[in-house]
């Protein structure tokens, strides 16, 4: 039993690696991880500790054991370690454990955040959102979109619209949210999570399931469209709610922000393909910085001028256009060095995002009726989305079993919900108003935050489990004897599918 459990936590490393001569004697495998795995984890922990040390030297008391920054640092480290252990033992996404760690720390009073550091919390979540959206843009392949644009739009937009409307209606009647707050909640909840979906699909793909029709590729592209629309619509609605401008101005700003975001992002992505020069010795870090800093600037500036929907679309567009031109220069889409840097950066910001989101939840302040009715709303809307996905995927070349599987994969929520869930509450606490009484606004904002956390806790493990169970039963498996017979399109689909998830 112990041997099997240790093997689950400490996977063997088949590639050659150096290790000290005494390592295996003191830390035998699989009771302990290999030296390479241990060194990697220690490296990440050292980075966190070094950041804390630098902050201590520069800031002082705030990062002492009784200070707020110290408790925030411990929360992030604990979330990372618990998430890693959760993933190894259960094989379910680590983000679930990170979110629960944040809730646990908050309700045990192990973390403290005053208004001074709530702003830091908000900015860190915005950085995480930039990483999420940039990876979505870098993962979009123009060839796949051109070849399967109808299927991508059908699977990326239509189920999203159905669930968004369903959440709006159900939250209005069951949770007593005003219509505009219901649409705000629906635009956030309707987003699926590639962080949960794609790793599960890769495990199926490695066993040959769904490869023949390029289902992983199709779902990745659709999920990127789904996430981009969700973030943009959420930002537009939130900006309209808390804007001091006229109704006419708010109506005009929505479409203009979409066009401006796509246009400016596309231009920035094109610039990133020619500056720096492709043969430059430092081309990788320079290209990363031009995209990352450009994404941060577009997100913060769009919020400053009140065009919140432009920033997220600019980030996705810049990543997509840059990847398109980089592929012509020899870099594979989403497997290039810049994508790898964003993947490494996400390792640090994933526990920050989910732990801080969980730390916004105080269980004693939650209304049990809201949790009960919210769970009913979420489950019913998830079922409706699954049914809608089955019926709107006509003409995609999929059989009934594959349509049903795609409906199951669209159940998982996580990344976007964690990034956007606290946004309304942040605005309310900063003194901005949507025209309602402060008490009502805080109540509605807390309801949206609770629903975002509830959606992750309920749907992320459910989606991962159902994908693992239904995949082998609903998808056709490609045997090795048929592999050489795959046409060029399927080979390309399988190649593109080998990417890193959000």
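A Cβ is built for glycine as well, from the same backbone N, Cα and C atoms used for every other residue.
TrEMBL lists 78-458 with the feature domain 'Cation/H+ exchanger transmembrane'. The transmembrane segment feature in TrEMBL is assigned to 38-57, 69-87, 152-174, 180-202, 214-241, 247-270, 282-301, 307-326, 338-361, 373-392, 404-424, 444-469 (among others).
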Residues of the same chain, at least six outside the transmembrane segment (404-424), with any C-beta under 8 angstroms of its C-beta?
93, 95-96, 99, 122, 125, 128-129, 132, 155, 159, 184, 188-189, 191-197, 200-201, 210, 215, 219, 227, 230-231, 234, 238, 241, 353-354, 357, 360, 382, 385-390, 393, 398, 444-445, 448-449, 451-453, 455-456, 459-460, 462-464, 466-467, 470-471, 474-475, 502
Does the transmembrane segment (69-87) make contact with the transmembrane segment (338-361) through 3 or more Cβ pairs under 8 Å, each pair 6 or more apart in sequence?
yes
Stretch in 38-57, 214-241, 307-326, 373-392, 444-469 most in contact with the transmembrane segment (247-270), if contact is a CB pair under 8 A:
307-326
Recorded stretch, among 38-57, 152-174, 338-361, 373-392, maximising Cβ pairs under 8 Å relative to the transmembrane segment (444-469):
373-392
Quick one: find which recorded stretch in 38-57, 214-241, 307-326, 338-361, 373-392 has the most Cβ pairs under 8 Å with the transmembrane segment (152-174).
373-392
Do any residues, 6 or more residues outside the transmembrane segment (214-241), come within under 8 Å Cβ-to-Cβ of it, and if so which ones?
129, 132-133, 136-137, 139-141, 144-145, 148, 151-153, 155-157, 159-160, 164, 180-181, 183-184, 187-188, 190-194, 197-198, 201-202, 204-205, 250, 253-254, 257-258, 261, 302, 306-309, 311-313, 316, 396, 398, 402, 405-406, 409, 415-416, 419-420, 423-424, 427, 434, 475, 489-490, 492-494, 496-497, 499, 501-502
Cβ contacts under 8 Å made by the transmembrane segment (38-57) with residues that lie 6+ beyond its boundaries:
27, 32, 63-64, 69-70, 73, 76-77, 80, 84, 347-348
